[in-house]
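Chemist: So TrEMBL has the following annotated:
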REGION    1-23  region 'Disordered'
DOMAIN    36-456  domain 'Amino acid transporter transmembrane'
TRANSMEM  64-85  transmembrane segment
TRANSMEM  174-194  transmembrane segment
TRANSMEM  200-222  transmembrane segment
TRANSMEM  243-262  transmembrane segment
TRANSMEM  277-303  transmembrane segment
TRANSMEM  379-399  transmembrane segment
TRANSMEM  405-423  transmembrane segment
TRANSMEM  435-455  transmembrane segment
Amino acid sequence: MSTLLPTSTRVHDTENQNASQQHRRDAGSLFVLKSKGSWIHCGYHLTTSIVSPSLLSLPYALTFLGWKAGIFCLVIGAFVSFYSFNLMSLVLEHHAYLGNRHLLYRDMARDILGQITPELMCRCYMEGPRWGRYFVGPIQFAVCYNNEVLCALLGGQCMKAIYLLSNPNGNMKLYEFVVIFGCFMLMLAQMPSFHSLRHINLVSSVMCLSYSACATAASIYIGNSSNAPEKDYSLKGDTTNRLFGIFNAIPIIATTYGSGIIPEIQATLAPPVKGKMLKSLCVCFVVVLFSFFTVAISGYWAFGNQAEGLIFSSFVDNNKPLAPKWLIYMPNICTIAQLTANGVHLVQEYLQPTNVILEQIFGDPEIPEFSPRNVIPRLISRSLAVITATTIAAMLPFFGDMNSLIGAFGYMPLDFIFPMIFFNMTFKPSKRSSIFWLNVIIVIAFSALAAMATISTVRQIVLDAKTYQLFADL
């Protein structure tokens, strides 16, 4: 790479100047995006954004792929996501050095895509600022809000699983547990800034490791027990269904590895930011590799092509636990604990782009952050966001299909396509260099996969539509 990175002193001065400009610009960046964290704090944020309960769907994804293709996709997903996030961090560091530190993904897209030549603009029919506002912004919002809804739904499902284990004849419905969990998120959603979550995200990371270990132990126990289901690793359905199944599995894996908010996480770092993000990514991916591969391999080994969309659901057969109750209680309790922490994290981290916009509209940077003028609009807007997400989760518990769709057209562009484009446009590597062509190949491959996966998930939604029922008790 021919571009020289700056010294720490110069980055510090430049970013402080940029922070001052940001202060004058709006309340969103001033109140929500506080650049005070260390690289280890950033590692907590990254881990919580990537290592989430969506990993509990990985055994289900392997039912569409089989052993060889499934492990291959997991390895490729780990490599490309780490590579992609590192490229994006280098781009962010470079722009910070130039005096324009990007705190939001859409701002980054606006400025970088604004460098497109007029001829290419005519071909694309869209200028850089419009890309950021009308394409990247809505996709990021869909990804972020999808996670908020999924958090409420998974929390309700885990609470119901514990309830039925302790009271098999209980008559409480799933939507009631979703509402109860939504109330927890509502109370915790009022944390003022992203940086204030660093200790909560540490707890969340520990809980994720705990339920991953418990889920792995339960799968191994069941797989070796006399109650183990018959292990069948063959792909179900005819050739057409198998083909579409592959493209249903790919966005599930993309969603699991995806973050969608790397610029917002890097914005929490105190200047100078040079080199900090790489250390944070290394911390994060140690947890990623342990949890993803252990849960995916043990779950698929134990249940084969009968693995459920949420692996915990496979631990019970006709209300009869296949493992000791404590081994089923533990991962569900740890998941609820992580999701409770995630309730804060999701509203702050995944809805951070939305929170920034709301603060820009309703906040006043000229008066204190915790004055009634700023607190009341924040309380109303964030509460409405959580209430809406909880209502959607209670009404549509068949969120798996929508999750795949969001992964196909949301996570794949944000995390596997745009970072390579941003890097090539920012650093302009030689067309004879390996990094240029590696980025081009990744962009082409994942663009094609995203298109095919979107078609496949839309097809699955149409097929499943006849089984949908509002407020279903699953």
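The backbone N, Cα and C atoms fix where each Cβ goes, glycine too.
Curation does not apply to TrEMBL; its annotations are automatic.
On this model, are these features tucked inside or out on the surface, and what's nearby?
Modeler: Residues of the same chain lying 6 or more positions beyond the ends of the transmembrane segment (243-262) and with a Cβ under 8 Å from any Cβ of it are 46, 49-50, 52, 54-55, 57-58, 60-65, 69-70, 73-74, 77-78, 81, 85, 88-89, 92, 105, 140, 143-144, 235-237, 288, 292, 349-350, 352-353, 403-408, 410-412, 414-416, 419, 449-450, 452-453, 455-457, 459-460.
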Chemist: So what's near the transmembrane segment (405-423) in sequence-distant terms, Cβ-Cβ under 8 Å and 6+ beyond its ends?
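Modeler: Distant contacts of the transmembrane segment (405-423): 80-81, 84-85, 87-88, 90-91, 105, 108-109, 112, 136, 139-140, 142-143, 146, 250-252, 254-255, 257-260, 262, 429, 439-440, 442-443, 446-447, 449-450, 453-454, 456-458, 461.
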Chemist: Can you tell me which recorded stretch out of 200-222, 277-303, 435-455 has the most Cβ pairs within less than 8 Å of the transmembrane segment (64-85)?
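Modeler: Answer, by Cβ pair count: 277-303.
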Chemist: What else in the chain is close to the transmembrane segment (200-222), if you only count residues 6 or more beyond its ends and a Cβ gap under 8 Å?
Modeler: 41, 44-45, 47-48, 51-53, 55-56, 59, 191, 228-229, 287, 290-291, 294-295, 298-299, 301-303, 311-312, 314-315, 322-324, 327-328, 330-332, 334-335, 337-338, 341-342, 344-345
